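In TrEMBL this protein carries:
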DOMAIN    203-298  domain 'Fibronectin type-III'
DOMAIN    328-423  domain 'Fibronectin type-III'
DOMAIN    426-522  domain 'Fibronectin type-III'
DOMAIN    528-622  domain 'Fibronectin type-III'
DOMAIN    630-728  domain 'Fibronectin type-III'
DOMAIN    1033-1122  domain 'Ig-like'
């Protein structure tokens, strides 16, 4: 509801803005900083008001002598009202400036996730909004990568040049203010570039260089997330001498593990390294190259000494004297062992001498005394040497000799026995992958790591729309944790997920798929209502209205609670104990002459949200002004490019005379107070279509009521609205279904489980069930007219219950009416003349020129003959057959098949005897009458109810009902039909599926029903196969539908579970998993699980679920927990627990 313009307009903050506590010293300081300007503004405003008032008084005195009686009184009232308006405008502007000064610096647009291609240049920027009264604040962006970052007074920009998968991750912007640090984060996804060859793998990542020596380095990397058309077989390592600029492959054979020793390098040279993945299709794109690495002696610094008093460098070589023949190395051992190579390491001799050293490496099989040189074809400059040509399963001794220009040293002491290591196994896949609802475009994915988690570097995640098996990679950089928020999903689409472990030995196999999940927002408490307005005051009672919360939290608002306090008091007092469903409430037992403030809370199934901002102080004084009060409930519908529809409610206070019309005003911008009238004439209705708006511009609207006394108080301005059609917006469409019924159809762009389609006529009038019926499937609703006539003409509207702006209308006029052939204006008629000629005729509504007629006589199509003339008048809708004389050959069945567009029907006349007349029949009715009684059949996934037919005609319309409520095509039900049978399948049945099932068959004239009561032994027998023979996971007993518990007590919910193998068990609250903590205690034992909520409070209200699953299936059972305060009564439908 809207607030009257006579009250002070409260400053409406953007939902993303952060408002500091009014008691904080910082805010007080900011207010003080504005006080001087505010006082000046107040003085200036008062002066202006005085001038305008004096001018008005002067004009009044000058003309008073010409005015008499009511005319003079009317001018006086106008002057007083103008004074009040000027005062209220000044007060509103002061309050706006005051609250603006309290607004902390913040980000006006939140960061959001982005997906970019590998190799692209990416630029991310954000803007901060800082009040002009505050000093410039410093803010910066965090991410530990080599990128370019620029910061300005109100803007920060980060640029990733040639983005690689190493750049993938969470980027955070920090804003440091005097009130603390605020953060906004966004995840940047890197997508693999196109494959180098068709079916080729993606590139590896995170190539690292370690153990740098004069002619040797050691490389490690991580495997890619995408294998390509076939699994990755291994890797090629490449190096580049920066002095030559050419990439050279280092290994001839494919390296299977994600590490490799590179030797044979030149000392004192700058190198870069990169790695390519290889599969059956060939080598993929190279990884990001490493930073340049300089090959050098790592021990050089140990032979350098610096004289503190001088800049002369003295090397240790100079202190070792003239050593000629070198000493042998020491400590020969294996520093890296794999299944394909061994890297030997040793310590240079001490003393070493000045001359450059090289080394000979020798080996010998254990048990033998013969030694052979391993490094025969190369010069070893570093104390590292990889050996590749060992025989698997055999052990070797190694020793090393030092070599300089004077000779060769004695051999070192042999190493301990060395052999190839065992092949490192890839890790086991993760398990228990579970997706949990998060937002309309994201889900929270979590999983369990394998028992043996040694060597796991992280996880790769994959997703696919349910049932399509079109798997796509989520992250291209291993994610180390076991919880990840997946962004960029399509709203209300079903997805499945799977996960891989990543290690240097390779990636694991895929985990099992998660259960399908529909992407939609998890439910929370509603946001705060706003704009509390006084609609009527009687002196002891006030009628209040307010706006609905900006967000209902994903679940419809069930009601509102009000608090009140007198002006100047600190303690709020509850007004209503039971929630009020309407956004309007009468507060009684108030004291006349006192000022009162109010605040409102919204509540949904989760609980009670935050309170609204306190209203202004309303004076409790009986309204006696002659003008009407303010309209309220200003709603915006059907927002399109350049137009929209406004609806409002008439004021509760009419003044001294009835309301005769309304004044509608418009303001361009989201805060402008420059109001102009939309129409020169008053508007008589409580709705108006606004057109001629600029596409993409923002507008606000307000409405004032008019009576004989003049224009009353204006409503509170509407929320700002952009005059632009939102993506996905649909309009109502009209058509004729396959059964010939006229329908209006509407498809919602967004909706949730609680959303409802609300159909009405002329925006407010209900549509009678006898005139039309509405059916909803997924996000589409169809309003079908049972027997359209002139009475059904008019304006039809539809809107979503949780989002009125998502709406459309259709003007159903006589000119645009679709022909209905479901029932003719008259059935077949027979006329026999005195001369014996016979006329058969059939009358329908007027048909279009495209209408078609087929006449069938005894299963063959007929046309006009001299003996039998056929006339078809489309304009009149008349079909007639004229016989000069009837003969025995004319005996039989006559059927007229009519089609006009999609509308179609057939009408049959059966000849009985030449001496008698004709009788007509409906073949579709025979079809329904031939239906057998309902039967039940058990299936592996539940049971099927079916009805056999002798024959089936497409005109037959069938509907299924359970306990008198229509069954749609949902997750657990699936209706179907064939030429001989009509059925409905019930999947994963529970005790809640007990009851009466009804099949309705409509033949265009009559409704035929078949019933089956599944509330006794029949239901138990049907369940026996699917519940007790099947091994799927299931909840056998435990949770009621609704549980009530008093605040402060502890609640224990226990469930019994069955299934083979033993099911996994998860407890959820409002569709989010609950983990054991101080407030929640979860126990899981074989075939039983319980959750205890310790010291229950009001915020614990909501939906709780137990979810069990194994390889054969799953089941979820819900319970609603209602927490009530001491002294209150629990809900009537709840099971009360003490």
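Note that Cβ sites are derived from N, Cα and C of the backbone, with glycine treated the same way.
In TrEMBL, annotation is done automatically, which means it is predicted and not curated.
Note: the stretches the domain 'Fibronectin type-III' (328-423) and the domain 'Fibronectin type-III' (528-622) are not in contact (fewer than 3 CB pairs below 8 A, sequence gap of 6 or more). The stretch in 203-298, 426-522, 630-728 that contributes the largest number of Cβ pairs under 8 Å to the domain 'Fibronectin type-III' (528-622) is 630-728. Taking H, G and I as helix, E and B as strand and the rest as coil, DSSP gives the domain 'Fibronectin type-III' (528-622) the counts 0 helix, 41 strand, 54 coil. According to DSSP, the domain 'Fibronectin type-III' (630-728) comprises 0 helix, 48 strand, 51 coil.
Note on the domain 'Ig-like' (1033-1122): DSSP counts are 3 helix, 56 strand, 31 coil. Secondary structure of the domain 'Fibronectin type-III' (426-522) per DSSP (helix as H, G, I; strand as E, B; remaining residues coil): 0 helix, 47 strand, 50 coil.
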